[in-house]
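Working notes, beginning with the structure itself.
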């Protein structure tokens, strides 16, 4: 009973705090976002306020001469054509076999958008409706990532792992800091994320990173530099939303592949909230005076930690902290998460 009360209090507190800051103008595509790949699969019927990304079964088959530098031929084919093509050049769905004279590569047509600005700390959220029906093998994402000109890889991930019809979607979060990742936590959601829109958010400041679902914290990653743990604090990041084929690992470890008869697969985003400090430079001291860096967001209360523990005990199916085969000695940050 006490744990449930803490969970309810956590939800109410988070809702009151976060909705205070949701009154800014909604971002839109063309101003705040750009298409990073497959613009033909990015739809926005209302001028950018709602954005649908698709993963289609049309693929580009690049047939390249093995022995010469002849330019690649490109053929746009539907999934139904793969069997016939496979008998000719050795392609079987997403697997290509190199022959003596040529090889081939299939590039699946997923889609993605990214923000035009880079941000140094902030609060980032969107309402998301995931792929309905049989989504096995598909991966939809909502994440922050440092960009190419920086030497280190920083990233904060929401990853939505598709599943067969009737099976629950899995939500995976991950943190990369200074090139070190491998901090996956995976959970089942307590609702059907394909039936309607739900809000997913990341709060990131100098002191901690919090992942929220419908204003409820589900995970916290504190700044544990004092323990020798890398933290995301040196490079600005862009926000990305994507959908693509990841059937080599997403569903049952890659055992269940995409069924292209269900294509196109669509994920819809709306009500983006980008309340970060736009930055063109790296450095942890650039942006630290906004609401997301107020003292009340420097740490969680005991009740908030209890609420997160309740959610994780009930819904989490994988936690790198408790994977002793992978981490015989748990990483130091796991003592408090």
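Positions of Cβ are set from backbone N, Cα and C atoms, glycine also.
Look at TrEMBL and you will find 1-25 tagged as signal peptide.
If you look up TrEMBL, you'll see 35-269 marked as domain 'GH16'.
Listed in sequence order, 143, 144, 145, 146, 174, 175, 176, 181, 237 are the same-chain residues six or more apart from residue 155 (active site, nucleophile) with CB atoms under 8 A from its CB. Look at TrEMBL and you will find 155 tagged as active site, nucleophile.
Listed in sequence order, 139, 140, 141, 143, 171, 172, 173, 174 are the same-chain residues at least 6 apart in sequence whose CB falls under 8 Å from the CB of residue 159 (active site, proton donor). Annotation comment: TrEMBL describes 159 as active site, proton donor.
Look at TrEMBL and you will find 163 tagged as N-linked glycosylation site.
The Cβ of residue 163 (N-linked glycosylation site) has 21 other Cβ atoms within 10 Å, all protein chains considered.
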